[in-house]
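Reviewing the structure listed below.
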Amino acid sequence: MPKEKYEPPDPRRMYTIMSSEEAANGKKSHWAELEISGKVRSLSSSLWSLTHLTALHLSDNSLSCIPSDIAKLHNLVYLDLSHNQIQSLPAELGNMVSLRELHLNYNQLRVLPFELGKLFQLQTLSLKGNPLTQDILNLCLEPDGTRRLLNYLLDNLSGTAKRISTEQPPPRSWIMLQEPDRTRPTALFSVMCYNVLCDKYATRQLYGYCPSWALNWDYRKKAIIQEILSCNADIISLQEVETEQYYSFFLVELKERGYNGFFSPKSRARTMSEQERKHVDGCAIFFKTEKFTLVQKHTVEFNQLAMANSEGSEAMLNRVMTKDNIGVAVLLELRKELIEMSSGKPHLGTEKQLILVANAHMHWDPEYSDVKLVQTMMFLSEVKNIIDKASRSLKSSVLGECGTIPLVLCADLNSLPDSGVVEYLSTGGVETNHKDFKELRYNESLTNFSCNGKNGMTNGRITHGFKLKSAYENGLMPYTNYTFDFKGIIDYIFYSKPQLNTLAILGPLDHHWLVENNISGCPHPLIPSDHFSLFAQLELLLPFLPQVNGIHLPGRR
């Protein structure tokens, strides 16, 4: 996986002694390395409190064992234990995931703890002069021997299979946010948003802390479908679904349980052979057929929109058009059974109740904040067009007192809560000179994506016509993406006000469980994706039933 540039310690280990004058003037000492020598037989426990150390030189001593407390030195990148009499290593050494160099030459090691395989950032592992088994020595002699040995140790980590059955993460809590509206007819339904981590992206280069067998799709897919089914959501939005897996796995599994679905792969699929196309990922939406009827389905290709609306903008052509992300949307009609179940009273009248569910996966690269923002504007613009056209064509039967078709937007936006993307969605617009545009010239082309119509820019601000609210607000979920290098919120469920409310959400995975089990990133043998799913129960406010003597009669509860 990507590593920060590593500078090994200077072997000369030069030092300076602070003068009394410097000390009197308030100069602070700073030392990040420590060398202990002189045939030392044991180490003081106070050593483990020096957590600021980045390098520890303990070679040429008479140490026979290393205490497990060494793992408290979590900032160490360099550890030299060569030329001692060490016979065994503590398993806790595997928790020192910042290590880049570990020197164990000329000791008395016969075995290595499998936990050393967790040192995925290690670049040098020196083992010369130890009576190790031949299979370990053979791995060390191979090209890229350190990496091969670490992979072997991690894949054979003792007890991993047993821990899967005994140390499952505790259930995520169900957080109630408000009670249903008892004063009017409503329909309740649940929505899941989940990036399942496509097989081709689940590599040891990206996720070096995860055993290869736990990255394998045949292993991960069982836990993924188990999580999806355990939520029993009425609507499921998935990102990073491989084309072949959509048709051979997800659709098969979910159809058996009463779902129908719609899927589109990323735009690159159109230029590929049939065999290559199978491995292109995309976005999928599933819905329970007992509660919804499919009216329309749509695919939004951002590179096609960029080409058609570039208006001479080089940034649009060179940065946005070259990315093949997509979004999908389905227009669903609520079945009368869902309305009856939720309102407690038969649905009267002939009007249809529609809802639009949209799902998208925006570009990943943090350096392309402008592209993510433009892609989001494109998607909202197309979603608005879909809703407007559906409203016009069915206006005699779909528009109640709320005035428009409600929207549920699920997405891996690859954008943090303080980004221009989330500002645009949650506040209704964004300035054309927003920092996320990186001072690139998008202005003329951006007006085409204003959801208030072409040239709908107001005072240098691009706006959209929705009132959107996030189901997960106020830190309810500290992170939706959890890897070693990045932990943050990038997945969202938005819904349109005033037609929709959030009643409850599925809370975060227990942080203490992650810490206690030294889980530095996901996926993990117990967590099948690098994303955590979002799951919310929503309430749709329905039009009042026909008036009797001028009084609205709400459904019975």
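Just so you know, glycine gets a Cβ as well, placed from its N, Cα and C.
Owing to the predicted nature of the structure, the values given are computational and were not obtained by experimental measurement.
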Matching residue for the substrate site, where Swiss-Prot names Glu240, Glu276, His361, Pro366, Asn481, Phe486 - out of Asn138, Asn151, Asn156, Asn414: Asn414
Per DSSP, three-state class assigned to His361 (substrate binding site): strand
Conformational class of Asp412 (active site, proton donor/acceptor) under the three-state DSSP mapping: strand
Residues in the repeat 'LRR 1' (52-73) grouped by DSSP into helix, strand and remaining coil: 5 helix, 4 strand, 13 coil
Conformational class of Phe486 (substrate binding site) under the three-state DSSP mapping: coil
DSSP-derived structure type at Glu276 (substrate binding site), helix or strand or else coil: helix
Local Cβ density at Asp412 (active site, proton donor/acceptor) - other Cβ atoms counted within 10 Å: 25
Structural state census, the repeat 'LRR 2' (75-96) (DSSP three-state): 5 helix, 4 strand, 13 coil
